Amino acid sequence: MAFHYPNGQPYSNHETKQPKKQGRHTSPTTLYGKRGMSLEEEINDSNQYYRLRDAAVIYKKPTPIQIVKVDYPARSQAVIKEAYFKQASTTDYNGIYQGHYVDFEAKETKNKTSFPFQNFHQHQIDHFRACLQQGGVCFVIMKFVPLQRLFVYPASLLITQWDNQATGGRKSIPLAAIVADGFEIQYQLNPSIPYLEAVDQLIARHHKGV
């Protein structure tokens, strides 16, 4: 079945699953992302861990698909032959955590010193803005791939810095600012990305009016 992006380019999945290897272990003091797993897969894995333990109910939103061509090899069967990914209108994840509506994006960069705004879209910023106005807990999980560092960064700060672009502001968020204003997450065994610990701090900061 052929899938296409909204710009008409064909979709190809270059990710390959790596078999688990036995033997050599990394240092017990340092944990990195699970080998062969993308950031999205790591978060999905963590969300499942949280759901199974009744800690939170958070899911990845499905990507809308527009079906273009369908074949009917039999009257009771339908086979999708061609489809397009529609442009997403909101963010990657949402759900409920301790009575709070949670909404967030997951982004990664190969940069080492800043996180570029080109990773975001205006519709995502607008969605964050609307959710915050309703009292939602909104943030971005940012990953600096070369550094293997993860952060929960408040959407309120992202929106302010995004808006500042129009008046000559930076086109990226410096790593130093993310370290100062965000919440760093350390990889661990289960869940691999324990981001709810950072969300607790984000909620506490909000209640203090910081």
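Every residue, even glycine, has its Cβ placed from backbone N, Cα and C.
Summarising the annotation, Swiss-Prot assigns Mg(2+) binding site to Thr90, Asp92, Glu105, Gln124. Per Swiss-Prot, the feature region 'Disordered' maps to 1-34. Taken from Swiss-Prot, the feature site 'Transition state stabilizer' applies to Lys107, supported by sequence analysis.
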Margin query: In the three-state scheme derived from DSSP, which category covers Gln124 (Mg(2+) binding site)?
Written below: helix
Item checked: Cβ neighbours of Asp92 (Mg(2+) binding site) where a neighbour is any other Cβ within 10 Å -> 20
Next item on the list: Let me know the most crowded of the binding-site residues, choosing from Thr90, Gln124 and counting other Cβ atoms within 10 Å.
Entry: Gln124
Notebook entry, point to check: Are there any residues in the same chain, six or more apart in sequence, whose C-beta is under 8 angstroms from the C-beta of Lys107 (site 'Transition state stabilizer'), and if so which?
Noted result: Phe115, Asn119, Phe120, Val140, Ile141, Met142, Lys143
Next item on the list: Enter the number of other CB atoms within 10 angstroms of the CB of Glu105 (Mg(2+) binding site).
Entry: 23
